[in-house]
């Protein structure tokens, strides 16, 4: 019985030493601001200063008017887009979403292009830009 207690005691001591030495040492804490500034990866002086400006009612109304003008001009610009003249279709061409493997001719749609996947084993004519 004394032998088993002795073995258990040595095992307990061994486990205590093992757990104590297996943990990494605690990191040293930075004690002053100088070491914090030198060790930090982000320098606060790199960022621009922020200026606060008070807005009055006139400036708010002007900005709203400008925003409305921008919105209306964007809408008019999108409505006024001129369609490009399309090139005449050549007889040997590939329709959209059909196979266009490299020896095949070009795609019929001028806005389409041949997109290949799986190491150029599966190719098809695709149209990505709707505004073309």
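From the backbone N, Cα and C atoms, a Cβ is placed for every residue, glycine too.
The annotation signal peptide is assigned in Swiss-Prot to 1-22. Away from its own ends, the signal peptide (1-22) comes close to no residue of its chain (no Cβ-Cβ distance under 8 Å at least six residues beyond either end).
Residues or ranges marked as N-linked glycosylation site in Swiss-Prot (evidence: sequence analysis): 39.
Swiss-Prot lists 63-79 with the feature compositional bias 'Basic and acidic residues'.
A coil conformation is recorded for residue 108 (disulfide bond) in the three-state DSSP classification, outside any helix or strand. Here Swiss-Prot flags 93-108 (among others) as disulfide bond.
The domain 'Agouti' annotation in Swiss-Prot covers 93-132, and the record cites sequence analysis as its basis.
According to Swiss-Prot, the feature disulfide bond maps to 100-114 (among others), an assignment based on sequence analysis. Counting only same-chain residues at least 6 apart in sequence, those with a Cβ under 8 Å from the Cβ of residue 100 (disulfide bond) are 94, 106, 107, 114, 123, 124, 125.
Mapped onto three states, the DSSP output places residue 125 (disulfide bond) in strand. What Swiss-Prot lists as disulfide bond is 107-125 (among others).
Taking all protein chains in view, 12 other C-beta atoms sit within 10 angstroms of the C-beta of residue 132 (disulfide bond). Swiss-Prot lists 111-132 (among others) with the feature disulfide bond, giving sequence analysis as the kind of evidence.
Cβ environment of residue 116 (disulfide bond): 101, 102, 122, 123 lie under 8 Å away, each six or more residues apart in the same chain. Residues annotated as disulfide bond in Swiss-Prot, with sequence analysis given as evidence: 116-123 (among others).
The average per-residue pLDDT of the prediction over the domain 'Agouti' (93-132) is 81, rounded to a whole number.
The number of other CB atoms found within 10 A of the CB of residue 125 (disulfide bond), across every protein chain shown, is 21. Burial estimate for the disulfide-bonded residues (93, 107, 108, 114, 123): highest at 107, by number of other CB atoms within 10 Å. In sequence order, 127, 129, 132 are the residues of the chain that are 6 or more apart from residue 111 (disulfide bond) and have a CB within less than 8 Å of its CB.
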